[in-house]
Amino acid sequence: MAKSVVIAEKPSVARDIARVLKCDKKGNGYLEGSKYIVTWALGHLVTLADPESYDVKYKKWNLEDLPMLPERLKLTVIKQTGKQFNAVKSQLLRKDVNEIIVATDAGREGELVARWIIDKVRINKPIKRLWISSVTDKAIKDGFANLKPGKAYDNLYASAVARSEADWYIGLNATRALTTRFNAQLNCGRVQTPTVAMIANREDEIKNFKAQTYYGIEAQTTNQLKLTWQDANGNSRSFNKEKIDGIVKGLDKHNATVLEIDKKQKKSFSPGLYDLTELQRDANKKFGYSAKETLNIMQKLYEQHKVLTYPRTDSRYISSDIVGTLPERLKACGVGEYRPLAHKVLQKPIKANKSFVDDSKVSDHHAIIPTEGYVNFSAFTDKERKIYDLVVKRFLAVLFPAFEYEQLTLRTKIGNETFIARGKTILHAGWKEVYENRFEDDDVTDEVKEQLLPRIEKGDTLTVKLIMQTSGQTKAPARFNEATLLSAMENPTKYMDTQNKQLADTLKSTGGLGTVATRADIIDKLFNSFLIEKRGKDIHITSKGRQLLDLVPEELKSPTLTGEWEQKLEAIAKGKLKKEVFISEMKNYTKEIVSEIKSSDKKYKHDNISTKSCPDCGKPMLEVNGKKGKMLVCQDRECGHRKNVSRTTNARCPQCKKKLELRGEGAGQIFACKCGYREKLSTFQERRKKESGNKADKRDVQKYMKQQKKEEEPLNNPFAEALKKLKFD
């Protein structure tokens, strides 16, 4: 009997699919049943070949050998996962297999994972596509009942290949050109470089910002009401101190007369459902989680616990076909503290409205929402619980009615000047009930603070007991943190020097710099290549990042290039542009970039050279700030030796409770804190033992230290090798 091979992206998803399809016979890298064979990738099993596979001379990085422009780019099996590739290959080549079902992630990159495997195996069998947004049993069954023809996704595959090949031509050539021309470990890409440029621009704005003092007037009445002065244009601030001084002087011994009380009934609706970027932003703001950490937690909640839908989505809407499943999802997530809220929503039929249901705004995947799967809170880690809580509360909030309130604006006259006060009466808590009325609005910028207003009628006279001048200073723009950098990457149009509205709109519609799936990796890569560094929560550009921006061609610094690329990649995905035309343009652009770098007369200055020499090659080591602490890195890119000087650990200072830094090597290692606390590693081991009631032994501490090491950047990987593996998305 003929069988179908199903290719999943990961073993965990493969196991779920195999269970539903009753494939319980275990093989080497696959699971088999009577009709289906389920096998899996491990992310990418196949990638574009390294430059030296085209010509042995490319093994060495020489400026004169650039640009590298092979006619056709070849595919190669990734060595580390070669065993699994062979397992997939053997199943695809089986004579009893007459059909391939692509069940990798539903999106551009997922398409590439499976199709590159199929292309490398050189197999020509009919292809079908499983396109689902969650891996619950129901979603898998429904998906297999509605398989799509593989041909429907040929253009999406072409778009993915075009993106990958363009990154190879431009990314590898630009990186080699910069590194060899300036004798420094420099890498750039169409997303990385404009992201660094945005951080640099923000720092320039802060540096050039000149604070101005502004003035206002506040009056206090005997019935504890605070009145705020406003000019004829409704402004509460003035930069003219003399003017404010004069007004305050002229108001002496005047009372306030109530001119009008304006009552307006207002509504505010819940913020939209989460896409990945919005969730990463909120998790960073509320819990300090990095973008990468949030994605990893989401992946567990999606794959392992099966309680949330596909995480790598850029949509904040659901499609109309999902509306019918909402009651089941509410029943599944409506347990524990969410039970009363879910019960309230289920009392009435759910009304789909455009604020969260819009087919036109859902492409590959809908917004992140709960699945119909059983929720076992006891299986969650603390971090998983927090992320799950964010998603469920947002899901419930969207299904709750609007927050309704009556806004009262009190307009009074003191002398010839207008003073106002503002208050609010809640009519219906609506969706704010989900957040126990503690939801904070980021967009509230009103100068006039709301207060509890006493009973007042129009025409009343209020006794003024105090009139005082207020003052403040304008603030410089805030430095980026991971939350705000994600926002800037998602919508970089304000940083673009272009009058092309269509291009700006495309960047906005295609999700800005990078994709929801790649932004976390890009930010991580910028930290690990020492172009940016973290001080507290703030992100700062390093000297290396500054110099890189000075050395790269101008176009690579602007989001415009990404806008143009995304416009064309979208056209390829829609069948409106040939992949070959796009790649030809990219090759020509590569020639221009390399030529510009070659002819540059600029210099790169290592201003972080330490007194230490590299133990491998003897050259001076550079001192850099990694994401987890200080490191020494060999300045020779071909050597690439790295050594930790200190790293931030999860151990807490017993005095101030901040994270401790671990410095030194071996038995001489010492924990240090910014508050001045110091503790030897041996003393730390003893303290941990006592705190845990003498249960901790040497093995426990070694396990703890091993966990810390796992969180470090990889050490002593030759930089050239690392660059080869970089994806310049």
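Cβ atoms here come from the backbone N, Cα and C positions, even for glycine.
When Swiss-Prot is compared with the stretches 187-192, 409-414, 415-420, 421-426, the one noted as region 'Interaction with DNA' is 187-192. When the domain 'Toprim' (3-136) is classified with DSSP, helix, strand and coil residues number 48 helix, 33 strand, 53 coil.
The Cβ neighbour count for Glu9 (Mg(2+) binding site), using a 10 Å radius and every protein chain shown, is 22. Looking only at the domain 'Topo IA-type catalytic' (153-594), the predicted model's pLDDT averages out at 90.
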